[in-house]
Amino acid sequence: MMRGVTMVLLLPMLVWAGSECKARCCLTNISITVESDECGSCITVNTTACTGLCRTQERAYRSPVAPYFQNTCNFRDWTYETIQLPGCPLGVDSSFTYPVALSCECSQCNTEITDCGAFSMQPSSCHTHAYY
């Protein structure tokens, strides 16, 4: 009986150990749904982003003098790629540019280049999909 319990407890650890990211801040593949009313199209673009956990500590006492911040998993290096949306009439800009993460780091969220608000866990979607 003890052997069966041990295997049940070890299985989640093996699955966790086999994951590439292991919960640390790293690159991951994501899909972005892009919908254009002008072009009448909805496509899904595959790219990379940063995801995972960063070491942080919660202070027992927050001093008004000492700055308080927590590190989050952010892009370190990135580039942009541009695609042409299908179905656009003449005169409509069909280009869509999106970020592609090249590397990640644990750092303070830079509000000048990043939306540091809460992330929606609901998947984005539209009526028809095309994958690029």
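Glycine too: its Cβ is placed from the backbone N, Cα and C atoms.
Annotated in Swiss-Prot:
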{"type": "SIGNAL", "residues": "1-17", "note": "signal peptide"}
{"type": "DISULFID", "residues": "Cys25-Cys73", "note": "disulfide bond"}
{"type": "CARBOHYD", "residues": "Asn29", "note": "N-linked glycosylation site"}
{"type": "DISULFID", "residues": "Cys39-Cys88", "note": "disulfide bond"}
{"type": "CARBOHYD", "residues": "Asn46", "note": "N-linked glycosylation site"}
{"type": "DISULFID", "residues": "Cys50-Cys104", "note": "disulfide bond"}
{"type": "DISULFID", "residues": "Cys54-Cys106", "note": "disulfide bond"}
{"type": "DISULFID", "residues": "Cys109-Cys116", "note": "disulfide bond"}
The answer, for which of the disulfide-bonded residues Cys109, Cys116 has its Cβ ringed by the most other Cβ atoms inside 10 Å, is Cys109
On a simple 10 Å Cβ count over all chains shown, which one of the disulfide-bonded residues Cys25, Cys88, Cys106 is most densely packed?
Cys25
Go through Cys39, Cys50, Cys54, Cys73, Cys104, the listed disulfide-bonded residues, and name the one with the sparsest Cβ surroundings, counting other Cβ atoms within 10 Å.
Cys54
Relative to the Cα of Cys39 (disulfide bond), which of the recorded positions Asn46, Cys50, Cys54, Cys73, Cys109 has the closest Cα?
Asn46
Report, in whole Å, the straight Cα-to-Cα distance of Cys73 (disulfide bond) from Cys106 (disulfide bond).
5
Counting distance between Cα atoms, which of the disulfide-bonded residues Cys25, Cys54, Cys116 is nearest Cys104 (disulfide bond)?
Cys25
Determine, to the nearest whole angstrom, how far the Cα atom of Cys109 (disulfide bond) is from the Cα atom of Cys73 (disulfide bond).
8
Could you check which of the disulfide-bonded residues Cys54, Cys73, Cys88 is the closest Cα neighbour of Cys116 (disulfide bond)?
Cys73
Work out how many Å separate Asn46 (N-linked glycosylation site) and Asn29 (N-linked glycosylation site) at their Cα atoms, rounded off.
7
Restricting the comparison to the disulfide-bonded residues Cys50, Cys54, Cys73, Cys88, which residue's C-alpha is spatially nearest the C-alpha of Asn29 (N-linked glycosylation site)?
Cys50
